């Protein structure tokens, strides 16, 4: 019988018994034959109850049992005979310690009423407690003759009892007292009736609900299914239970489970719905599902970032979690590892993040979940618990994430728009699953850390240079790294396999070797650690040494599971040890055979080591000096006293000279290298050094010094000789050449002119030889400098062509030149020196070529330098001739001083042999090279290279064609010529007089001083070498006379060695001219000093017509003195002009007009010489006015003069910078 059938039978039996009991209590129609007697009624009752399912028992007036039915007998576990005679009330378990009697039972029954059920407990024969529910009590004669009790055994039928009670309760309370939601609606769904539970749960008012259709109360996702069920029920079907969701008046979803049935009422066919609220069950299922899904996320998420995202995804399914933040403790700091917000801009606000951090810290500090509304957050801000938050959330939930009693982070949900987006049930759900979230996050973090740690260990294991392996107790391999596999394969010819035992025996592996390994393994399996060195042989002669460490690997119970092995190569160490022994032996051998003295001593000077060579040098034995003070064995003087200071400061002293004392007292000069020696901690504790006898070295040095002194003396003698010879040769040559020039200007017949031309050619040849010797002297002295200017290379070639074309034509030689297209048009070159080399090579080519052609080729050389300097290039110049050629043997003799191919006295070709030597020196100066390619009888090619840079067109200074000044037409310069040589005086005076100058002659320095004191001059030409008083001393004395107007003084001398010009200018000379003197040079010099073709009557008041700097003047000066002279002169002028202007300004304040005249006269002359025209113009203007005693515009004119000088400075410096940049 199933439970429903049993329940139905009990109900029927219950109803029958109730009716029978009621009849017995109020007998109206007793059964036939019984009459009115109680005995008949009692007997009838017993017969009715004997087979009843309910428990029935009757007692006498004392409570002793006189009757029980079969159900009671079976329930207490006794037969009816055993039951009868027992006191029923003594069988009841005392209630609250009170024993029950029949009289007390009747009294209690009377108070409670007969209709109330009474629950009692009774003991069975086995001692168990039987719970009964007394449903009816029948008193016999008001209890004087006992009573009958009818009860239900609810011990075995609790479930049936519960359903029966629910059924009775539903019957009693009907709808209003039901917990289920009950609703009655017509066929259209209009609500006719709803019970109290329905109203309470859905929070509808009756008048609102009765105006709505039940189907409209069903939420949208479930409504379509509800409508289908509704139609099925009306059609007569019984669909059974179903699940749905109803919507409360506040929009809350109520999950229900129930049935729909039809019935008849006054309204006709109605649909009754009985629903049970299963929201908690659904929520519990959802929480459980969420719990399990979050647990599974550990396996589904490849990393923490995916895990946080998946947690958010799962939470969205259960609650409104659009705005979620997960923060994790990381290094004592809360780190927002995940955040997803509908308002990301707010989360990027630093203030918002700081306040959110404060809230999270606050929740964690409380160690409990927080559910805050906007007002709560405001209170926390006012209490200074959190910082100000730009935008307050309507609701904020913070759930600390805990695992194993430790907070690992916090889960935050917030909503800035809706206050009811999260409920208390959501809060409880989040709190419920927070532990699981914490657990999976912590587990994932541990997994990642473990994976990283495992990866690092594996990387170390595999990348280690050590051999790593492990074996079990049967000596089978269980694990090994790549290095072990490689070594194993190299050794045995096959790779190792896990689980295999390897004990191969061959010529390299013996049984003894294997037994030794097994012995070591067994030692470790006994719990010991083994360390030993093993030798392995690879091939026939290769021995490899390994340092091996064997360690036990324990199980959790302490037993040894395996043995791990780590081995690394110590072959090099073993070799080093052997090498060290050999080195020590070698050191000992060297030490004992050392010729120098090696020593080591403590810082206090105690000798602790000395080489045996001490015996040979000092005659001491080693044992005699060991332990002694080292200062006893060298001469202690001021120099050696500083040795310790130098040693402490520099840690090392090299090539220190000291005097060692021999045993016999003899002093030996020695040189020492000494250094401080530190111990393992780096602290200096000892001094070591090497001492060498330098007696012979000293003797050699003295001899070398004598040789050096002799060489220097010879060099000085050579220089003096060259200087003297230069003077002595140039002085007569000056007379010869100058007189030839003068003679050539006279009227001569053809024969005389031919003689003069021959003399002139011979003198110029002699001068060329002299210049070659002096050039060679300059180069050897290192005083030859290049003066590079920007020039068109074609212009240089044209000059060379013009110079030699007549000579070539005279010998019927075709003379031409070629320039490669790769050669830039403009180059930075020293034109003079370049022409000097090319002229030498061209002259030789013409000299040694009788017929044919001479070709000069210029081309660019490709450089192999990896990173050539920008614009820097190498140019190659080659001179090809079809002359006699040179043999290989003779080629070796070229380019040497005073060397010729045919040095005999009967040689056909003349020359000094200096030309090619000078060319070689000059090419080296130009960072180039020179050479020759020649075949005898077919001609030669002399070539040279030089390093240069490409120049820009703007850097080229056009040099105007020189126009010789022959006559001073409008002025007569007054010139003083000072020279002790009468010929020179005559030549110079004639040249100047023919140019229109007034010349006064002086034969000595003294005479010159007397002359300048008597009259004024415009220029003084001063010879340098004169008897008694030379030109330099005479110049100093003239400068010291403080003349009203000191004229420019120009050195006129045969001196032309390196440094002469600088020496003369430093002595006070204004310019320098080298003999022999030619008329074009002397007249040009006069022009440079302001007495050229300039108009003496020109008005100086027109500075606009003149230049700040006349570059043509400087170009002319550069042509004869070089760019260096120009720049040096301008620099000196700038400095001297500053002093002159300052002195003039000081004199102007004192109205010292003579002093102003003196300063401005000097300034005028210096400025005019260098082409500083505007400064010279205004200096001359002021000078003229002062001579006329006109001081009206003196202050204004002087101010203008200073302004013009400043313009000169600016223009000059700008030009210098421009030239330097272009050159670089």
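Yeah, the Cβs are placed from backbone N, Cα and C, and that goes for glycine too.
Remember, TrEMBL labels are computer predictions, not curated facts.
Because the structure is a prediction, the values reported are computed rather than measured.
Going by TrEMBL, these are the annotated features:
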DOMAIN    60-93  domain 'PAS'
DOMAIN    167-237  domain 'PAS'
DOMAIN    530-582  domain 'PAC'
DOMAIN    583-650  domain 'PAS'
DOMAIN    654-706  domain 'PAC'
DOMAIN    724-950  domain 'Histidine kinase'
DOMAIN    974-1090  domain 'Response regulatory'
DOMAIN    1122-1215  domain 'HPt'
MOD_RES   1023  4-aspartylphosphate
MOD_RES   1161  phosphohistidine
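With a cut-off of 8 Å between Cβ atoms, the residues of this chain six or more beyond the domain 'PAS' (60-93) that come close are 46, 49-54, 99-102, 104-105, 120-126, 129-130, 132, 143-146, 148-149, 153. Most Cβ neighbours within 10 Å among the modified residues 1023, 1161: this distinction goes to 1023. Cα of residue 1161 (phosphohistidine) to Cα of residue 1023 (4-aspartylphosphate): a span of 24 Å. Mean predicted confidence for the domain 'PAS' (167-237): the pLDDT average there is 79. Residue counts for the domain 'PAC' (530-582) under DSSP, split into helix (H, G, I), strand (E, B) and coil, are 12 helix, 32 strand, 9 coil.
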